[in-house]
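Taken from TrEMBL, the feature Mg(2+) 4 binding site covers B:ASP30, B:SER45, B:ASP75. Feature annotation from TrEMBL assigns Mg(2+) 3 binding site to B:ASP30, B:ASP75, B:ASP208. Taken from TrEMBL, the feature Mg(2+) 1 binding site applies to B:ASP47, B:ASP122. The feature Mg(2+) 2 binding site is assigned by TrEMBL to B:ASP47, B:ASP75. Annotation comment: TrEMBL describes B:HIS54, B:ASP259, B:TRP307 as substrate binding site. The ATP binding site annotation in TrEMBL covers B:GLY121, B:ASP122, B:ARG146, B:SER210. Sequence annotations record features per position, and here TrEMBL assigns Mg(2+) 5 binding site to B:ASP211. The feature domain 'PurM-like N-terminal' is assigned by TrEMBL to B:28-138. Annotation source TrEMBL lists domain 'PurM-like C-terminal' at B:150-298.
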Protein chains: 2
Amino acid sequence: MLSEFELIARHFARSPQAEAHGVVLGVGDDCALLAPSAGCQLAVSVDTSVAEVHFPADAPPVAIGHRALAVALSDLAAMGATPRWCLLALTLPEVDDAWLGEFAAGFHALCAETGVSLVGGDVTRGGLAVSVTVHGEVPGGAALPRNAARPGELLAVTGSLGGAHAGLKAWQAGERNLAQPLLASYLLPRPRLNAGLALRGLASAAIDLSDGLLPDLGHLCEASGVGAELDAAALPLADGLVAALGEEGARQAALAGGDDYELLVSLPPAALDEARTRLAAEGLALTVIGRCSATPGVRGAAASAGWQHFPRGEA
Amino acid sequence: MLSEFELIARHFARSPQAEAHGVVLGVGDDCALLAPSAGCQLAVSVDTSVAEVHFPADAPPVAIGHRALAVALSDLAAMGATPRWCLLALTLPEVDDAWLGEFAAGFHALCAETGVSLVGGDVTRGGLAVSVTVHGEVPGGAALPRNAARPGELLAVTGSLGGAHAGLKAWQAGERNLAQPLLASYLLPRPRLNAGLALRGLASAAIDLSDGLLPDLGHLCEASGVGAELDAAALPLADGLVAALGEEGARQAALAGGDDYELLVSLPPAALDEARTRLAAEGLALTVIGRCSATPGVRGAAASAGWQHFPRGEA
């Protein structure tokens, strides 16, 4: 009596975690039952990825599965939360076993890598879309909100910027090799979970870079009631970015390209060395790109040079 | 710098709960931060409602908002969990303020009625779909799983059956009055949250009736490793069902119509009186419709009369 879609849902019932943390009851009942850790707060977020809006419909399914989970996990990273559990709501126009096998492989591989257990979800018929709910845990008071940046603090970003935008351009130009670094930046982003954990107790505020540096910096400043002096010359550009897009294109991609899923943090100057040491242990750079100010608004080379918004939301 | 969709998302930032339970940080950051209750397990479920699959695209938006949350909350009811928090992932083909205002009104009203706080979500562009993640709490060991029914126990359902299927038929025939009881059964289902709480400690197993009595009974039996003797003559038919669909149509709707969102439970015979007393306090009937057996499979008048599956998934 099971429908095609119920049968497919069973494809996701195999949890990749041998010893799943806090899972009392996993996939298969009306609800999952979870045992939260004593003394921890629960960090929860949902992200929907829609075909032709957030990713190309003909992207490799392994990348679609990876990416949909990665962008959701990035919100946990920005909170400094330890990832625990996720739910997958998958909407499909048709049932294609090969496609689903690849999609599930990408999704499950990132679950295993990040210690996340898939504990529930549903599969429905409709336009291709993937909605992922993630749950993380963070000791009470240790989370990194976006509203706690203070004037005088440094603004810094993990890793490098602009790669995902160049990767999207490369995809549009016909590049299909997922091993190509810029394309991988776009289709296989790495959520900065370990960086978020390492920055707990050092950073005051954090946000992940999904919309692009300038819009997301705007969100952080607005939430914190501060302004920012940006040093656009200091932006860490992705390897190969200038070669791919030229000097000006690279700068614009780093400022506004979006989809990089690096972390932007505000931290006291005295915390910078320790933060860099901790991130270096993760193989990740932390680059100072400006400073918080008491004057509202984002200023600096970026603004004075006339920032142009890249059209986003088209893949 | 906010997009049209970010502006719309703000429409949902107003929490209707004056004193939200356990909400450390609500809508507006990368994640919500929640404080789970000590000694409780977390019950989590996600349900996606897609236009023209799960509801008519031209249904009143207030009903679409209510229904998308109701079907998700129904899973908490089937677990015996106290509803706490929800996330809303809304995918829209276009931004229509009037539509969104009505949708939000339906969603927020059911939040307020059931004590649920909307703590996060996202709004994206795409075909109309609503994915709702719900979180409830249940004391450790008190949840109602679907795998604990035992031979000799009674099978019973809350409320009445078949109304939602008749309501769908009425909609298809042009009925547009949400006050019409059968149409309301379909478009404005009432999640049986209080019934689920009342049945904790009495029922052994529970499942909510979304697919229809026969398929969902099949799920419960399969999970529990039992069979069922069904007394089809005992099914509690919705008021007006026979008048709307005729004797045979009413019986089929009750057996297989789906979307009723009543609870089906298995309980020891000795617990029946107390269960009925508790549900009567909620204004709800509990009707015995059969008994669990050690022999696999569902038998009884239903099966012998030749059950016909209603085409579902078309609205």
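The backbone N, Cα and C atoms fix where each Cβ goes, glycine too.
In sequence order, the binding-site residues from B:ASP47, B:SER210, B:ASP259 that place a Cβ under 8 angstroms from a chain A Cβ are B:ASP47. According to DSSP, the residue listed as 'Mg(2+) 5 binding site' is assigned to coil rather than to any helix or strand.
Mapped onto DSSP helix, strand and coil, the domain 'PurM-like C-terminal' (B:150-298) counts 66 helix, 30 strand, 53 coil. With a cut-off of 8 Å between CB atoms and residues at least 6 apart in sequence, the same chain places B:ALA164, B:HIS165, B:LEU168, B:TYR186, B:PRO189, B:SER210 near B:ASP259 (substrate binding site), listed in sequence order. Of all residue pairs in the ATP-binding list (B:GLY121, B:ASP122, B:ARG146, B:SER210), the one with the greatest Cα separation is 31 Å apart. Sequence-distant neighbours of B:ASP75 (Mg(2+) 4 binding site) (same chain, 6+ residues apart, CB-CB distance under 8 A): B:ALA43, B:SER45, B:ASP47, B:VAL134, B:ASP208. All protein chains considered, the CB of B:HIS54 (substrate binding site) has 24 other CB atoms within 10 Å. For B:ASP211 (Mg(2+) 5 binding site), the number of other Cβ atoms no farther than 10 Å from its own Cβ, over all displayed protein chains, is 23. Separation of the C-alpha atoms of B:ASP122 (Mg(2+) 1 binding site) and B:ASP30 (Mg(2+) 4 binding site): 11 Å, rounded to the nearest whole number. Note on the domain 'PurM-like N-terminal' (B:28-138): DSSP counts are 37 helix, 47 strand, 27 coil. Here the C-alpha separation of B:ASP211 (Mg(2+) 5 binding site) and B:HIS54 (substrate binding site) works out to 11 Å. A straight line from the CA of B:ARG146 (ATP binding site) to the CA of B:ASP30 (Mg(2+) 4 binding site) spans 34 Å. Here the CA atom of B:ASP30 (Mg(2+) 4 binding site) lies 10 Å from the CA atom of B:GLY121 (ATP binding site).
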